[in-house]
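Beneath this line is the structure, given in structure tokens, with notes to follow.
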Amino acid sequence: MEALDYHAEERRKAEFDVEEMKIVWAGSRQAYEISDRVARLVASDPVFRKDNRTMLSRKDLFKDTLRKAAHAWKRIIELRLSGLFFSCGMFIPAIKGQGNEEQQQKWLPMAYKMQIIGCYAQTELGHGSNVQGLETTATFDPETDEFVIHSPTLTSSKWWPGGLGKVSTHALVYARLITDGQDHGVHGFIVQLRSLDDHLPLPGITVGDIGMKFGSGAYNSMDNGVLRFDHVRIPRDQMLMGVSQVTREGKFMQSDVPRQLVYGTMVYVRQKIVADASCALSRAVCIATRYSAVRRQFGSHNGGPETQVIDYKTQQSRLFPLLASAYAFRFVGEWLKWLYTDVTRRLEANDFSTLPEVHACTAGLKSVTTSATADAIEECRKLCGGHGYLSSSGLPELFAVYVPACTYEGDNVVLLLQVSRFLMKTVSQLGSGKKPVGTIAYMGRSEHLLQCRCEVERAEDWLKPNVILEAFEARAARMSVTCAKNLNNFPNQEEGFAQLATDLAEAAVAHVQLIIVSKFIEKLHQDIPGKGVKRQLEILFNVYALSLLHKHLGDFVASGCITPKQGALANEQLRLLYSQVRPNAIALVDAFNYTDHYLGSVLGRYDGNVYPKLYEEAWKDPLNETVVPDGYHDYIRPILKQHIRVARL
């Protein structure tokens, strides 16, 4: 019997070539074919079953994760899927970026072949974002030619590194380098934690798991760890010596390789985080969109069917901007990949001219995309009503898995303040003749942008990309220039940064949102094949930009570029755009090409067969293994029969 497709009619409405949009989403036909093949291999392999994750105990969940990881590694070898490897976070990228050639030749092959398993031990119990405040020490002993790694305080315990608690054999430990009583700041050291024979911790090392985290499955499948050192000795050559080193005599030296090369690792990691944001957001949006087309509520007349929830304007106004954001984040993530390649090439040629801009871009995009995605996943859960709260919807676990991204690799508020410092420096140099370039080039036209007036007379004028772009540029420039002027009112600039931190963070958000909008426009200028694909991307671009304008209307009006009436016209056009997204909504999420296994959601099933599967999933819960609960005779029956003994005082 052929399976029913409850979304078939929705798919027939599509006004574009879905297969071509899948290629646009993947980035290229080759990327699409590879990802599609891997996804279907995983979905068809029973070892990768994950529908029972939320019902497993912590120990069973962790063991099941190890089983899947081992099986995945086996399949990678069998299928010769080159380029894929397992490693905990930044261990390999950091060695590639900060180790010298000899260290890379020694450690990377072992890590790639899984002969060692590494983690990245930077964050401590007492310090996270403030890396320079780390307390772990690495003191050089010239008599033995060794570093002594030590945790002098409780708060110097390494805390949170993924893979540390139970799995990793080695760690890249960040500690304060001390030679001859002098502190040279934080540096990286490769430290073996466990025996390669029996996996027991080596002498002087205390290591374990930090305990249960938010969510029933989520990061509880990972062994985030705690690590303390009691005068652990390592050879001198296990200090990462790509940018600095300690000689046999104990002299600290900067190497010939510029220290700025370490930024390559940071750019790599943050561009990966932005790519992950579009992935997580698109998963949530796919679930919410498909379920919104299945769910019917109210609106029936004369015994007819109730209205699909997705047809309500309130649902569209909450859902479709998130759909557009998923595409926007995907395209800015593609650009970040290019930026990483470009900055790596420049660094190798000792060209550091773009580093300040690159740092601001990666910091700002990491902050804005992860915050928006975390909020969007929760919004998608609410868009699915009560059923969105069920674990089987896939949304609670997706939220629990994703929300730490707002904190790791840089707290989002701290990162925005770093971006704002770059913006303030840019504004301060405008009169010096130094021309801003790249993503900050618009600042060179700040005099015009502070005076410009938006040429919008009708709602459809907001469909012009140049009109939207100028409005976003004017807003960003005005907010940065205003902050710079206000900073000048403080006798001490650092006091000004502290007092104006909220305004500065908002100026940074405006700048980053401008980057995303501009990169979406650049995508539209590319050669995009496929029937109707470019038209759909144009609609999504306008939804993304105008929904941001609606959300931050006060900032845009305050910039003087647009009037309240023009803001109202933007909202009018946005409502019309939602009607254009509606016939294509299911096809637009189909273009993500996610298997049901990957989504892990009953509500987001490709065939839309939601209600029978929800009912089926309910009976799989361990509580339903017995009709009468285990505690009936001890607790429920005595209450019902009034056989409760009351203690006499």
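Keep in mind that glycine also has a Cβ here, set from the backbone N, Cα and C atoms.
Here is what TrEMBL records for this protein:
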type	residues	note
DOMAIN	17-117	domain 'Acyl-coenzyme A oxidase N-terminal'
DOMAIN	119-220	domain 'Acyl-CoA oxidase/dehydrogenase middle'
BINDING	T123, G162	FAD binding site
DOMAIN	263-424	domain 'Acyl-CoA oxidase C-alpha1'
ACT_SITE	E409	active site, proton acceptor
DOMAIN	465-641	domain 'Acyl-CoA oxidase C-terminal'
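Annotated features taken from TrEMBL, shown on the structure.
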| residue | record | Cβ within 10 Å |
| --- | --- | --- |
| T123 | FAD binding site | 20 |
| G162 | FAD binding site | 19 |
| E409 | active site, proton acceptor | 22 |
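Computed over the domain 'Acyl-CoA oxidase C-alpha1' (263-424), the whole-number mean pLDDT of the model equals 93. As a quick check, the domain 'Acyl-CoA oxidase C-terminal' (465-641) and the domain 'Acyl-coenzyme A oxidase N-terminal' (17-117) clear the bar of 3 or more Cβ pairs under 8 A, pairs 6 or more apart, so the two touch.
Rounded to a whole number, the distance between the Cα atoms of the residue listed as 'active site, proton acceptor' and T123 (FAD binding site) is 10 Å. With respect to their backbone Cα atoms, G162 (FAD binding site) and E409 (active site, proton acceptor) stand 12 Å from each other. Across the domain 'Acyl-coenzyme A oxidase N-terminal' (17-117), DSSP assigns 72 helix, 0 strand, 29 coil. Residue counts for the domain 'Acyl-CoA oxidase/dehydrogenase middle' (119-220) under DSSP, helix first, then strand, then coil, are 9 helix, 44 strand, 49 coil.
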